[in-house]
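Worksheet for the structure shown next.
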Amino acid sequence: MEPAEKQEHIIPRCMGIIMDGNRRWARAHGKLPFDGHAAGYEKMKDMLGWAREAGISHIILYAFSSENWNRAPEEVSYLMKLLKRACVDEVAHFKKENARIRVIGDRSRFSKDITDAIENAEEQTKNCTGETLVLAVSYSGRDELVEAARKLCGKTPAEITKETFAKELWTDGIPDPDLIIRTSGEQRLSGFLLWQAAYSELFFTKTLWPDFTRDEFEKALAFFASTKRNFGV
């Protein structure tokens, strides 16, 4: 997808968030990693309310990378339970708010109950016309690019353009993120939206995700509003 056109208003149309720091938050509070992920899940719900009130139409959350499959099996199992909860327990709320749910990433490693929950959530909210929540789960930006290239390998060179390539990405139909927030102090994308983030503004905070506040959210929006976007060098 082409970079979002310059907007006259100061609110990003699409925002990506790398929700980092759950496990460090748990360690700092003498808790188990599961407690950190549970706190992060609740923070996600808070943040979605803030984004809705701010008028942001698309939110892309980096919830579970493809590398996260290498974590301890019990931690992975708990994260899958949180994903299922988001796709089952929150659907009624999303429909009430006229909000849509999409999940992007490699679904081949999900169990059938997780896949069914994802598909059901997407089906039930597909006609909602309010904001869109995109969960990047079992996601790798490199895998996404490789998958797109495989789909295009049968085309002639002249048929392969930025537009045709973007249509084969998992984010087809979703605007490129104007702003990406990463919590926990790390200053890298970690494979998040490698193609789509070409012109994104990046906001880094040392705050761990469960401690992320509305005030910090507002600071990120103020940072975005103050940035002159040139869409190039």
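Along the chain as shown, the residues are counted starting at 1.
For all residues, glycine too, the Cβ spot is worked out from N, Cα and C.
Unlike curated records, TrEMBL annotations are generated automatically.
As recorded in TrEMBL, the features of this protein are as follows:
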BINDING   D20, E201  Mg(2+) binding site
ACT_SITE  D20  active site
BINDING   21-25, H37, 65-67, W69, R71, R182, 188-190  substrate binding site
ACT_SITE  N68  active site, proton acceptor
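Rounded to the nearest whole angstrom, the C-alpha distance between the residue listed as 'active site, proton acceptor' and S190 (substrate binding site) is 12. Fewest other C-beta atoms within 10 angstroms, among the binding-site residues R23, R188, are seen around R188.
When other Cβ atoms within 10 Å of the Cβ of S190 (substrate binding site) are tallied across all protein chains shown, the result is 14. Around the Cβ of G21 (substrate binding site), a 10 Å sphere holds 24 further Cβ atoms from the protein chains shown. A C-beta separation below 8 Å, combined with a sequence spacing of at least six in one chain, links W25 (substrate binding site) to G36, A39, G40, L208, W209, P210, D211.
In the structure shown, across all protein chains, D20 is the one of the binding-site residues D20, E201 with the greatest number of other Cβ atoms within 10 Å.
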